[in-house]
Amino acid sequence: MFYDFVPQSRFLLGTAGYPSPQILQQAVMASESEIITVSLRREGSQGGAFRELLTQLNKRILPNTAGCHTVKEAVTTAHMARELFNTRWIKLEVIGHADTLQPDPFALVEAARILCADGFQVFPYTTEDLILGEKLLEAGCELLMPWGAPIGSGQGLRNIEGLRSMRLWFKDIPLIIDAGIGAPSQAAQAMEMGFDGILLNTAVARAQDPLRMAQAFAAAVRAGYDAHGAGLIERRDMATASTPIFGMAQFS
């Protein structure tokens, strides 16, 4: 599924911005996530203590290159993360615009090419653009992480038709919605469309009750995944009766 790992949970959770380390721990456990993301560039002066906390959680760590704006920054950060966390995994972010936090497609593909050649297993944060997706796969990526909406915006799936096209086009490629999810209903919607996972951070970390919100997202992701697997009925323009008319009384 995700390179050499097949998770039981399709919910990936970020570890930034929680009110306290204790609440972070509680939220991660409540989420049932097996994969957690961590930003090397945003750990700050307490990085050692934070990494110890992550170790105690006993989850698979997916380091990311959040905050990187150039190929050089992203590649350097990825190599540092591999040394610190002893993992080939890297969530590759190369930001092109400080306000929208939209990926720089050209730098993203170049960084992905370099890192894949260096033996990394790259999780690229991208858009729903099909050509960009193709270029990332050609660079060596084996999965894609399209955004639902700008990072931290909570807008949900802003371009549903584009994401649906992406799911149909890359039918055999794992696709994880990354960024923009603000409510459990939005996560369920993405999973119902056939996406393979949801990665989010802000919606849980900034919730009034992060633990309860983590539980809600876990349930929503699971429900959406099960619904897609069960087979949703086709949407219709007109009503169709669900109750048969056979055996009804006849009045004269």
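Glycine residues also receive a Cβ, built from the backbone N, Cα and C atoms like all the rest.
Noted in Swiss-Prot for the protein shown:
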ACT_SITE  Lys91  active site, schiff-base intermediate with DXP
BINDING   Gly152, Ala179, Gly180, Asn201, Thr202  1-deoxy-D-xylulose 5-phosphate binding site
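For Thr202 (1-deoxy-D-xylulose 5-phosphate binding site), other Cβ atoms within 10 Å of its Cβ number 18. Those residues noted as binding 1-deoxy-D-xylulose 5-phosphate (Gly152, Ala179, Gly180, Asn201, Thr202) have their most widely separated CA atoms at a distance of 9 Å. For the recorded 1-deoxy-D-xylulose 5-phosphate site, residues Gly152, Ala179, Gly180, Asn201, Thr202 set the reference point as the centre of their Cβ atoms, and the other residues of that chain within 8 Å of it by Cβ are Gly14, Pro150, Ile151, Ser153, Gly154, Ile181, Gly182, Leu200, Ala203. In the three-state DSSP scheme, the residue listed as 'active site, schiff-base intermediate with DXP' falls into the strand class. Secondary structure at Ala179 (1-deoxy-D-xylulose 5-phosphate binding site), taken from DSSP and collapsed to helix, strand or coil, is coil.
For the recorded site, Thr202 (1-deoxy-D-xylulose 5-phosphate binding site), the DSSP three-state label reads helix. The local packing around Ala179 (1-deoxy-D-xylulose 5-phosphate binding site), expressed as other Cβ atoms within 10 Å of its Cβ over all shown chains, amounts to 25. A coil conformation is recorded for Gly152 (1-deoxy-D-xylulose 5-phosphate binding site) in the three-state DSSP classification, outside any helix or strand.
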